[in-house]
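Feature annotations, courtesy of TrEMBL:
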type	residues	note
BINDING	B:69, B:72, B:73, B:127, B:162, B:210, B:215, B:226, B:227, B:228	Mo-molybdopterin binding site
DOMAIN	B:89-241	domain 'Oxidoreductase molybdopterin-binding'
């Protein structure tokens with residue numbers, strides 16, 4: 001038995017549902033830190049950035065599930081729905097902090113979404129996640145049919161790229177960190193590209 | 001010359017630093033509070049003349065002013081400056097003064113500033129990122145220093161440079177900006193009595209993360225204009241390149257005066273958040289020229305501030 005098979009057998013005993021509860025801990029911890037001084041003198045931006053970055057990190061894990069299975073045989077597919085929904089939840093919280101704690105002013109929120117490209121891109125990324133979150137259940141897979149459902153969920157790639165580009169555009173000066181995120185996301189999306197077969201057979 | 005600004009308010013009217021003890025430490029409990037008091041720097045008082053410029057402004061805590069800093073020479077995180085600036089050697093320190101001056105040279109900081117009396121200046125500080133503080137700086141007017149080196153009549157601008165020392169300034173190991181950090185003012189801006197060179201805050205020597213041993217403070221401009229840890233001052237007749245404009249001319253201009261009516265391309269400048277208000281702090285309107293309009297608007301008479309941002 002290969003190592004991957006042993007890992008998969010071990011994982012088969014681990015349920016996915018606790019992720020929904022465990023996933024609440026990081027944002028709760030960030031909020032607690034923000035309320036008690038752990039996020040520094042200006043906790044609003046810090047909380048906003050932590051949530052956004054964490055969402056991107058979890059989204060990268062989501063995107064890594066398929067290549068990991070292809071290349072190593074380790075199968076994390078059953079955890080992917082929970083991680084995807086958590087990503088949506090974190091992005092939603094990130095947006096909420098921006099709306100309620102950061103910008104605060106309703107007229108300015110709309111102006112920002114329309115006028116500021118990095119915010120427009122972030123908003124598009126979030127909006128594209130809504131149908132994915134809504135259809136992240138077995139009933140939707142049955143109703144849409146697996147083929148349509150899979151096509152719809154390929155929007156994840158678009159969302160991930162938009163999220164990473166949004167991060168790059170927020171940075172001041174030349175900074176490596178957001179570019180590293182973008183590089184990882186692009187590499188993971190690239191693993192999905194289907195290259196034409198070596199030779200076209202007539 | 002110190003003390004050109006006078007008012008009837010005394011330094012004793014300003015709430016002492018310890019009374020502004022950071023509310024985050026209060027929330028963290030009495031233990032942390034005690035620790036905060038003990039851990040506070042036991043520096044000698046600079047004995048700066050207590051001018052009262054900035055009456056009515058609520059000071060930020062020493063903790064806020066010295067822990068939330070943009071000083072990319074030490075990293076891009078707000079706490080990087082506090083965490084990494086400790087290793088910077090600030091003594092000895094010399095400043096090269098060159099260009100259109102009568103007495104160019106490499107001056108030891110103490111020689112350059114000897115005999116210039118220090119003065120307290122309580123100024124609003126508005127970052128281009130739309131946050132703000134109120135800081136009790138200690139320093140002297142830049143014009144005093146310029147008078148000492150003799151500005152020639154051909155000079156129109158003053159250029160400044162920050163130290164480059166990547167083994168101590170670890171943020172300089174990455175090309176976040178084109179080091180050295182560069183700034184500049186028109187000569188009129190530099191000679192304005194509000195423009196100071198700060199060597200202290202809260203009547204103590206200025207901490208490294210705030211730009212030790214000497215920095216510029218131009219209170220009506222966005223904070224990045226107030227260049228830190230200065231090693232070079234050049235008088236010139238051409239507008240000097242400045243770091244943020246070099247990095248992104250669409251977003252940052254040479255003047256960078258605080259102006260609520262001219263947005264940064266990525267965010268509005270109409271409002272700001274005062275540091276220290278916690279997670280639910282409300283935005284407040286940003287003032288034209290950061291509240292110094294009556295003093296400095298004349299410098300820009302007839303100028304289109306939308307174009308000359």
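Including glycine, each Cβ sits where the backbone N, Cα and C put it.
Location within the structure of each feature annotated in TrEMBL.
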residue: B:69; record: Mo-molybdopterin binding site; Cβ contacts under 8 Å, 6 or more apart: B:78, B:81, B:82, B:209, B:210
residue: B:73; record: Mo-molybdopterin binding site; Cβ contacts under 8 Å, 6 or more apart: B:162, B:163, B:169, B:171, B:172, B:179, B:181, B:228, B:229
residue: B:215; record: Mo-molybdopterin binding site; Cβ contacts under 8 Å, 6 or more apart: B:197, B:198, B:206, B:226, B:227, B:228, B:229, B:230
Measuring Cα to Cα across B:69, B:72, B:73, B:127, B:162, B:210, B:215, B:226, B:227, B:228, which the record gives as the Mo-molybdopterin binders, how far apart are the two most distant ones in Å?
19
Take the domain 'Oxidoreductase molybdopterin-binding' (B:89-241) and average the pLDDT across it for me.
97
Over all shown protein chains, what is the count of other CB atoms within 10 A of the CB belonging to residue B:227 (Mo-molybdopterin binding site)?
23
Around the Cβ of residue B:162 (Mo-molybdopterin binding site), how many other Cβ atoms lie within 10 Å? Please give the count over every shown protein chain.
25
